[in-house]
Amino acid sequence: MQILLANPRGFCAGVDRAISIVERAIEMYGAPIYVRHEVVHNRYVVESLCERGAIFIEEISEVPDGSILIFSAHGVSQAVRAEARSRNLTMLFDATCPLVTKVHMEVARASRKGKEAILIGHAGHPEVEGTMGQYSNPNGGMYLVESPDDVWQLNVKDENNLCFMTQTTLSVDDTSAVIDALNTRFPKIVGPRKDDICYATTNRQEAVRNLANDADIVLVVGSKNSSNSNRLAELVQRMGKPAYLIDSAADIQEFWLQGAKCIGVTAGASAPDILVQQVIARLKDLGAGESIELSGREENIVFEVPKELRVEVKQID
């Protein structure tokens, strides 16, 4: 069996920054450090940070006075931000991905101008909750759609005063279909100046599409609650190839590999490379040969951590 590796795969700049913020806060201020929601959606990362002194919470009320709090990479609503600022916290750091913040600013701008806004996204995802929570104009409207059917059923106040934006980790193909429906249903709707789906999501979907063309099956390293990882597995399955979303090498079932001559491996944007290396090692134990990395788009984007945290610290082992 041959192993093919998608390129690019794994950590994106926003995830790298968010993890670094938690690591550096622990290094500088000591444990415990409180983080609202999982800083990124990856079990290995979250468990590793817990071992180092991070405490993940869902409600600001769970944070003791005098503590240090970090918002996750997914972002928070205006209400959550205001609640945190009203508390007696020693420090408050924001690990929201800058590309999510871009979408927040689009929604806030629409709210200020009194435009109704439609968000394309998955209900219940923390990024969607944070983005929807940037809209506060009682005379306008903020709506969530996930599919073309949602668009056809949507009623707004003023079809001539509409804009839309998207969650950053969606399927490029699915989102295109929803945008087509929006443009048909509301001809005067205005979209973002630049695509809201982030570069990492787009690049990893393109890479896994290329991978699936050559592989018999594809293993996607990522946690079940990772939106972008799920989209990678779904894309492969739609191409007619088996795809399995796995947290680690331990999840690999030998029968998946029966008859496969070429195994593709990729990783979601929140999955560290150590997990990919462990998957490769496990596949070799099961009889696979050396791994070959495909060519792909080069990524050199870096997002700086807050200036208060710009010190050198050891990374997660």
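The count begins at 1 with the first shown residue.
Here the Cβ of each residue, glycine as well, is placed from N, Cα and C on the backbone.
GLU127 (active site, proton donor) carries a helical DSSP state (H, G or I). Among the features that Swiss-Prot reports, active site, proton donor is placed at GLU127.
For CYS12, CYS97, CYS198, the entry in Swiss-Prot reads [4Fe-4S] cluster binding site, with the evidence type sequence analysis. Counted within 10 Å of its Cβ, the other Cβ atoms near CYS12 ([4Fe-4S] cluster binding site) come to 28, all protein chains included.
Here Swiss-Prot flags HIS41, HIS74, HIS125, SER226, SER227, ASN228, SER270 as dimethylallyl diphosphate binding site, drawing on sequence analysis. When other Cβ atoms within 10 Å of the Cβ of HIS41 (dimethylallyl diphosphate binding site) are tallied across all protein chains shown, the result is 29. When secondary structure is read from DSSP and collapsed to three states, HIS41 (dimethylallyl diphosphate binding site) falls in the coil class.
Taken from Swiss-Prot, the feature isopentenyl diphosphate binding site applies to HIS41, HIS74, HIS125, SER226, SER227, ASN228, SER270, supported by sequence analysis.
Secondary structure at SER226 (dimethylallyl diphosphate binding site), as computed by DSSP, is coil. Sequence-distant contacts (6 or more apart, same chain, Cβ under 8 Å) of SER226 (dimethylallyl diphosphate binding site) comprise HIS41, ASN42, GLY268, ALA269, SER270, ALA271. Among the features that Swiss-Prot reports, (2E)-4-hydroxy-3-methylbut-2-enyl diphosphate binding site is placed at HIS41, HIS74, HIS125, THR168, SER226, SER227, ASN228, SER270, with the record citing sequence analysis.
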Out of HIS74, HIS125, which has the highest number of nearby Cβ atoms, where nearby means within 10 Å of its Cβ, if these are the binding-site residues?
HIS74
State the Cα to Cα distance, in Å, between HIS125 (dimethylallyl diphosphate binding site) and THR168 ((2E)-4-hydroxy-3-methylbut-2-enyl diphosphate binding site), rounded to an integer.
11
Using the alpha carbons only, what distance in Å do you get between CYS12 ([4Fe-4S] cluster binding site) and ASN228 (dimethylallyl diphosphate binding site) once rounded?
11
Listed recorded positions CYS97, GLU127, CYS198; those within 10 A of HIS74 (dimethylallyl diphosphate binding site), CA to CA, turn out to be CYS97, GLU127
Give the number of CB atoms, excluding that of CYS198 ([4Fe-4S] cluster binding site) itself, located within 10 Å of its CB.
26
